[in-house]
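Note sheet for the following structure.
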Amino acid sequence: MKILILNGPNLNLLGKREPEVYGTQTFEHYFEELKAKYSIIDMEYFQSNSEGALLDKLHEVGFTFDGIIFNGGAYTHTSIALADAIAAIKTPVIEVHISNVHAREEFRHHSHFSRVCKGVIVGLGLDGYRLALESFLG
Ligand code: DQA
């Protein structure tokens, strides 16, 4: 099983960025733990701050991989192009947010992605990525 974890803008700063909201662990460290725990899954991780690079990655893996776990960061609330890409590809996408976006500012309440995603996990911290993996495992 091939799974891509795709992180959008500012998520490269996890561990340093607003730790009271996003925790103190770096994503690289968390990803190593996840790979060790789920060694049967062929997992790839890609992060970019650029909308174009995220689009290119969705196009690249979206017809061959078994699942994509996508935290689009703030592009979630703004990007119709990324929503169109999720709709265009064959690979199912699970949307993940570390924080509970519904308990935060009004502008974080709407996601352009949710209607074209298989499911959505919000507010469960980094564990949301593991739960999405479990869902793909079935
Ligand atoms: C986020 C929530 C977004 O609103 C925010 O812009 C992020 C992170 C989350 O994981 O909680 O960058 O996607």
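Counting begins at 1 with the first residue displayed.
Cβ coordinates are placed from backbone N, Cα and C, and glycine is handled just like the others.
Remember, predicted model here, so these are calculated numbers, not experimental data.
Here is what TrEMBL records for this protein:
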SITE      ARG17  site 'Transition state stabilizer'
ACT_SITE  TYR22  active site, proton acceptor
BINDING   ASN71, HIS77, ASP84, ILE98, SER99, ARG108  substrate binding site
ACT_SITE  HIS97  active site, proton donor
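Projection of TrEMBL feature records onto the structure.
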residue: ARG17; record: site 'Transition state stabilizer'; DSSP class: coil
residue: TYR22; record: active site, proton acceptor; DSSP class: helix
residue: ASN71; record: substrate binding site; DSSP class: strand
residue: HIS77; record: substrate binding site; DSSP class: helix
residue: ASP84; record: substrate binding site; DSSP class: helix
residue: HIS97; record: active site, proton donor; DSSP class: strand
residue: ARG108; record: substrate binding site; DSSP class: helix
For ligand 1, the recorded positions of ARG17, ASN71, HIS97, ILE98, SER99, ARG108 whose CB is under 6 Å from one of its atoms are ASN71, HIS97, ILE98, SER99, ARG108
Record-annotated substrate contacts ASN71, HIS77, ASP84, ILE98, SER99, ARG108; largest Cα to Cα distance in whole Å is 24
Check: min Cα-Cα distance from HIS97 (active site, proton donor) over binding-site residues ASN71, HIS77, ARG108 goes to ASN71
Whole-number Å distance separating the Cα atoms of ASN71 (substrate binding site) and ARG17 (site 'Transition state stabilizer') is 15
For ARG17 (site 'Transition state stabilizer'), the same-chain residues 6+ apart in sequence with C-beta under 8 angstroms from its C-beta are ASN10
The rounded CA-CA distance in Å from ILE98 (substrate binding site) to the residue listed as 'active site, proton acceptor' is 6
Among the recorded positions TYR22, HIS77, the one whose Cβ has the most other Cβ atoms within 10 Å is TYR22
For the recorded positions HIS97, ARG108, the largest set of other C-beta atoms within 10 Å encircles the C-beta of HIS97
Rounded to a whole number of Å, the separation of the Cα atoms of HIS77 (substrate binding site) and the residue listed as 'active site, proton acceptor' comes to 18
Binding-site residues considered: ASN71, SER99; fewest surrounding Cβ atoms within 10 Å belongs to SER99
Counting other C-beta atoms within 10 angstroms, the emptiest spot among the binding-site residues ASP84, ILE98 is ASP84
